[in-house]
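Undergrad: Dropping the structure in here first, questions after.
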Amino acid sequence: MIQGTVNWNTKITQDWLQNYVDDWVTFYQKQTKDGEVASYIPILKEADPKHLGISILGNNGLSVRSGNVDTTFTIQSISKVFCFIVACMERGVAYVLDRVDVEPTGEAFNSIMHLEMRKLKKPFNPFVNAGAITVTSMLNGKTPDEKLEPLFQLLEKILGHRPSLNLDVYESERDSSIRNRAIGYYLVELDYLESNMDITLETYFKQCSIEVSIDDLAIIGRVLANDGLDMQTDEEIIPRKIARLAKALMLTCGMYDASGKFAAYVGIPAKSGVSGGIIAVAPPRVREEVLPFTEGCGIGVYGPALDNQGNSIAGIKLLKHIATKWDLSIF
Ligand SMILES: NC(=O)CC[C@H](N)C(=O)O
C-alpha cells in the first residue's frame, strides 16, 4: 500500500494524520531552497524562505497543522477572491460580470498585454491585477476604509475575529507600486474604474495587506468548500451562487499562469498570493475508499519561497502530494 493511503481496516486517527503530514512537510521544506521570496514589494524580502506550513480543516471534524504554523503573513492576491465575493454581494453577480470577464489569461498576474492587444471591453478575470483593481473600484463606499469595511466584516464573521492590517506592508506596497499605478492609469483611460483611481489603488493596497494565518485560510476555505455555508452554525455566509462562481474562478485563474497545471495535477480550487500564502478548497466528494478529507476541507498553506510564476514553490508540491495521496481532486 502507498504510504499515507488507507485501507478499510485503517483507523484514521489524529496521530496517523499528524505523522504523515509532518513527514511530508519536512520533505518539501527542503525544496524551498529552489524558490525565492518576492522582492518587488521591498518588505516582503524579510520573509524566511525556509518556512513552510499547512493547516487542513475537514468537514468531518478532522484537522491537522504542520510546519511553520504560527507565522502570519499578508493575504496579497488571495484578497482578490474575497473582494470579488463582496463586490458580487453588494452589486449583484450580473453587474460585476458585465465589467470583468471570467477567462484565464495564461499571462502573469500583473500583465496588461492582453487588455491592450486584444482591445477587450473588460479585463480578463477578477484575479489578474487589471481585473482585481476594476473589481475593487466597484466596492461601495467613498474612502478605502469604507470600501473595505464589508470585506473585514465578512472575514470577521467567518473567522470569529477581525483580521488586522499590516501597515508596514501596505506602505511598502504603496511606495513601490509603479506597475499597479500604470495598470490603474490604463484602466482610467479605458473608463473601467467606477471610483477615483487613487482611492481605488489605496483600497487595493490595503486589501492586499490584510494579515492572516494558515488557520484563517483553512477556515475560510472550508466555508467555500461548503458553498458558502458555515458548518458550525449552518448559516449561509456567502450566497451559494457567488461561492460557486468564486471557486470556478479559483480553479481556472487562481494560480496565475500556472492555473492549468494546478488544475491538472492538484485538481482543486485554490488562490495564491505573492507573500507565499495559498488557500485551497476541497469540496465534499463521494468516494468508496476511506480517506481523511473526502467529506471536504479547507486548506491554508504558507511558504514564501516562490517559483517562477509567483506561487509558493514548496506549497504547490505539498498540495499536489496531499491531493494525490488523499484523492482530493474534483475531477
Ligand atoms: N500576486 C500577488 O499576490 C499580487 C498582489 C500584490 N499586492 C500586487 O498587486 O502586486
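Including glycine, each Cβ sits where the backbone N, Cα and C put it.
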Undergrad: Name the residue, out of Asn125, Asn129, Asn308, that TrEMBL lists for the same substrate site as Ser77, Glu173, Asn180, Tyr204, Tyr256, Val274, please.
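TA: Record check against TrEMBL: substrate site with Ser77, Glu173, Asn180, Tyr204, Tyr256, Val274, extra candidate from Asn125, Asn129, Asn308 is Asn129.
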Undergrad: Is any of Asn129, Tyr204, Tyr256 (binding-site residues) within Cβ reach of ligand 1, i.e. under 6 A, and which?
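TA: Near the molecule: Asn129.
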Undergrad: What three-state secondary structure does DSSP assign to Glu173 (substrate binding site)?
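TA: Note: Glu173 (substrate binding site) is helical by DSSP.
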Undergrad: Including all protein chains displayed, how many Cβ atoms other than that of Asn180 (substrate binding site) lie within 10 Å of its Cβ?
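TA: Step by step: centre on the Cβ of Asn180 (substrate binding site), count other Cβ atoms within 10 Å, giving 20.
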